[in-house]
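Inspection log for the structure reproduced underneath, given as C-alpha cells.
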Amino acid sequence: MSAYIAMKGVITNVDENIRNDEDVAFEYEIQKTPQNILTWKRYIEYWKEEGRTDKQIRWLYERFCSQFVTDTSIWEDYIRWESTKEVVETSRIFWLFQRCLKSCVRDCDRICLSYLELAIEQYDLAMIRHALASSLMKMEREMHRKVWDPVIKFVEEKVLPLTQLDSTQEDEEESTDEAELINVLLVKGFTKGGFISEEISENGSRGDIWSSHILERYLKVAPQQKRNESLATLALTRDNITIKSVYEKYLPQDENSGKYLPSSELPFELNFNYLASLEKLGLDNQYEEFMRQMNGIYPDKWLFLILSLAKYYISRGRLDSCGDLLKKSLQQTLRYSDFDRIYNFYLLFEQECSQFILGKLKENDSKFFNQKDWTEKLQAHMATFESLINLYDIYLNDVALRQDSNLVETWMKRVSLQKSAAEKCNVYSEAILKIDPRKVGTPGSFGRLWCSYGDLYWRSNAISTARELWTQSLKVPYPYIEDLEEIYLNWADRELDKEGVERAFSILEDALHVPTNPEILLEKYKNGHRKIPAQTVLFNSLRIWSKYIDYLEAYCPKDANSSDKIFNKTKMAYNTVIDLRLITPAMAENFALFLQNHYEVMESFQVYEKTIPLFPPEIQYELWIEYLEVATSHQLSSLSPEHIRFLFEKALKNLCSNGIDCKTIFIAYSVFEERISGLISKSIEILRRGAVIGTVSVSTHLESRLQLWRMCISKAESTLGPSVTRELYQECIQILPNSKAVEFVIKFSDFESSIGETIRAREILAYGAKLLPPSRNTELWDSFEIFELKHGDKETYKDMLKMKKVLESNMLIDSASVSHEEGNINFVAAATSHAPNSHTLTQSTSSYSINPDEIELDI
C-alpha cells in the first residue's frame, strides 16, 4: 500500500503506457504467469530498446518490484538503472535502497555495501549512519567487518582531518612554541581565576560528535587487535564527554573510592588521552589523582608528565603550585637531558610570568588587580628567575651527585661552587656522611677530601678541630692505601710547618709501625678484594716511608754519628724499607750516599750487597757501577785488592749472564788491575775477555766489543810487542763479522808494515780483500793501493788489480761466512819476534786449531 501511495503521482493508468501489440502481448503474458521473472526482464529490456520515457520505465520497474518485493536482484537492477541516468537523483537512489532493505530479509549483502558506498561517496553523514545501521541489521555478523572498515576509514581520512583543522584555543595551545604556549596558558589561568577580563576563545562544541558516536559503537564490536587503535582515533574527535565515558570502560576502578585508575594493559598514550579529557572537562580532582597514579605506573614518562602537570597548573592559574612542582622536579631528576628540559621550562615560566604580570601592572586595571599584591608576586618571580640563573651550576652538580654520590670529584666541585667557609664546611660534612668509602672508584680521592676539609679549619687557625677531623678520618675503612697516605702526608706537612719536626715524626711513625707478621697481613689484604681496611697494610706504604726518610735526612746533622738519635732513626728506616722490599734504586743510592757522607763507607757497601739482588739486571748494572766506583776509590774504600777483584768478578758474572753490556765495568776492572798490580798483560786480558763475551751472537753489544778490541790491541801494540799483538789481531778478525773485521785487517797490515813485515802485510790485505765484495770494501782497497805504491813494484800492483777484477766478477755479494770457511787461509808466521817482552796471554789464541793450509813465508 505504501509503495502504491509513493508512486501515486508517477503511475498512471495502463492505457497511457500500453502503446502497441508487443506491449499487449507482454501484459497478457505477465497476467498469465506473473511469477515469471524472465518475462518481466524481457518486457523491461524491450521498453529500454524502444526508448520509452524514464517515467514509463520507472512505472514498469515499480510493478516489477511490487511483484517480486523480496528479490534483491530486481531491486539491484532498478537501482543500477537509476544510477546510469544522465541526471542522477541521489535522494531517489537512497530511497530505493531504503525500500529494498525494508522489504528484503535475505541476500542483502551487496545492496547494503552498495548503499553504504554511495553514502560515503556523497559525504552524507546522515545516510552513512542509516546505511551503517541497516547494514549491520541485515548482514550476517561475519560480514560486519566489511561494513565497518570503509566507515572507519572514512572517519579517519575524511572527517577527523577536518576536525583537526577547526581553529580553536585548544589547537593554539598545541601548535605554538613553548614561550607563547605559557603565555596562552597564563591568560587562560588568570581569566579563570577572575584576575583579568581577557576574552579567550572557548570551544563550546563537544568536538566531532558524529565521529565519536560512530567510533563508540564500533568499539563495542571491534576486534581486540583494533581496540587500542580505535581508542586513539576516538581521542582525535575531541568529544571529551564521549572520550571519558568510553575510556572508563577499559580502566580499572579503585574498590574503595570508585575512582578510575590508569590501566597497565593500555599504552601510555591512551591513558594520557583519558587524562587530557579530564582536564578539558574541568574535572580537576580526578585529573590530579589520575596524574599521580600515572607517575607511579610510568616512571620512564616522568619528564613528560611533570611538564604536562606544570602546564595544567598554569592553565588553572595555580602559579605557586607550578613553581613548587618544577623546583621539586629539579631536585629529583637523575639525567642531564631531563634536567636541561625542566630547567629551561622553569626559567621560561618565571620569565613569562614576570613579563605577563608586569604588562598587566602597566595597564593599571585596579578592577581586577591589587597593585600591592601583584607587585610582590612580580618581585618573587623575578627573584626566582635570578636565583635559577645563579644556581645553575649547583643544580647541575646535584644531578651528578644523585647519579653517583660516591664520586669524590663531584663533591670537590661542589665545594668550589660555595663562597663562604661555612657553606664549604656544610658540603664537606654532607659528603663525608653520604660517601661509602668502599664504593669510591678513584684511589686517594676520599683521603684528599678529608685533607681539604681539615685544611679549611687549619687555615682558619682552628688547629684542634682540624686534628680531630684527621684523627676521625683515620678510622674510616678505606679500601685503598692511597687515601691514608694522603691524610698522613698532608697532616705531617701541616704539623711540620706549625709545631716542628718532632710532631711530624710522630704522625708518620704512627702510620709506619710494622706488625709482627707483615707478610701474612699483606697476603690477606691482597686476597681480600677491597674488603679488608687499608689500615692493616699502611706500614707497607712507600710514599709514607719516603716522606719519613726525607724528613729524617733533612733534619739529621751533617756531623751526626751512631750516637745521634735522628741518624739511627734514618738508618733504621732505610733498613726497614729494605726488609719490606719497598726499596727503590734511588732510595738505595741515597742510603749508600747518606752513609758515605757520615763516614760509614763499609756499611754503605752492605747496602749495595743487600739491595742489588732486589732489582732487575738493568738496575743492578747502575748500582754495580756506583758500588765499584766507591770500592775502587782509595779516598773512600779500605777494601783489599782481592776483595775488589771478587766484586768485579761477581758483578760481571751476574750481569753478563743476563745479557747486560758490561763494557764500562771491564774498562774499570782493567784500569784497576793496571793501577794496583802493574800487570799490563792482565789488564789487556780483562779487555779481551769483555771483547769476546757473547761471541755466540756476533751482534751482541757489537759497538762496545769493538771499542774493547781497539783498546785491547792498542795497549798490546804499545806494551807487549808483535807476537801478542798478532794473536789478538787474528782472534779479533776471526770473531768479528766481516764488515767490522775489515777495520782491524787494515790496522793489522799497517802494524806489520811498521815493523818491516811487508810480505805479511800484503798477504793480510789480500785476505781482507776476500771478506767483502770490492764495491763494499773501498776503504781496504784504497789502503791496498797506497801500500803497493809505497812498498810494491809494477808486478805486485798488477797482481792487485787482477785480484780486484777477479773478485768483482766472481765474488758472491753475501760473503759473511768467508772467514769461517774450512781451509780459509790463516795468517803467515812471522820470521822473527821483535818483541823482547813478548808474553803469552793468559788465554792464548793457540786454543784455536792449526790450519794445515797456513801459508808460511820464509823471509
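Each position is counted from 1, following the chain as shown.
Glycine is no exception: its Cβ is also placed from the backbone N, Cα and C atoms.
What Swiss-Prot lists as repeat 'HAT 2' is 52-84. What Swiss-Prot lists as repeat 'HAT 3' is 88-108. Annotated repeat 'HAT 4' per Swiss-Prot: 123-157, in sequence order. Marked as repeat 'HAT 5' by Swiss-Prot: 177-219. The repeat 'HAT 6' feature in Swiss-Prot is assigned to 238-271. The repeat 'HAT 7' feature in Swiss-Prot is assigned to 427-459. Annotated repeat 'HAT 8' per Swiss-Prot: 461-482, in sequence order. Taken from Swiss-Prot, the feature repeat 'HAT 9' covers 520-554. For 599-633, the entry in Swiss-Prot reads repeat 'HAT 10'. What Swiss-Prot lists as repeat 'HAT 11' is 639-675. Annotated repeat 'HAT 13' per Swiss-Prot: 720-754, in sequence order. Per Swiss-Prot, the feature repeat 'HAT 14' maps to 756-790.
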*Excluding the flanking five residues on each side, which residues at least 6 beyond the ends of the repeat 'HAT 11' (639-675) place their CB within less than 8 Å of a CB in that stretch?*
605, 617-618, 620-621, 624-625, 627-629, 631-632, 682-684, 686-687, 689-690, 693-694, 700-701, 704-705, 707-708, 711
*Considering only Cβ pairs under 8 Å, which range in 52-84, 88-108, 238-271, 427-459 makes the most contacts with the repeat 'HAT 4' (123-157)?*
88-108
*asked:* Give the mean pLDDT for the repeat 'HAT 2' (52-84) on the 0 to 100 scale.
replied: 81
*Sort out the residues at least 6 away from either end of the repeat 'HAT 8' (461-482), same chain, that have Cβ-Cβ distances under 8 Å to it, and list them.*
437-438, 440, 443-444, 446-447, 450-451, 453-455, 488, 491, 494, 498, 530-531, 533-535, 537-538, 540-541
*Please spell out the DSSP helix, strand and coil residue counts for the repeat 'HAT 6' (238-271).*
15 helix, 2 strand, 17 coil
_Summary of DSSP states over the repeat 'HAT 4' (123-157), given as helix, strand and coil counts_ = 31 helix, 0 strand, 4 coil
*asked:* Give me the DSSP three-state residue breakdown of the repeat 'HAT 10' (599-633), ordered helix, strand, coil.
replied: 29 helix, 0 strand, 6 coil
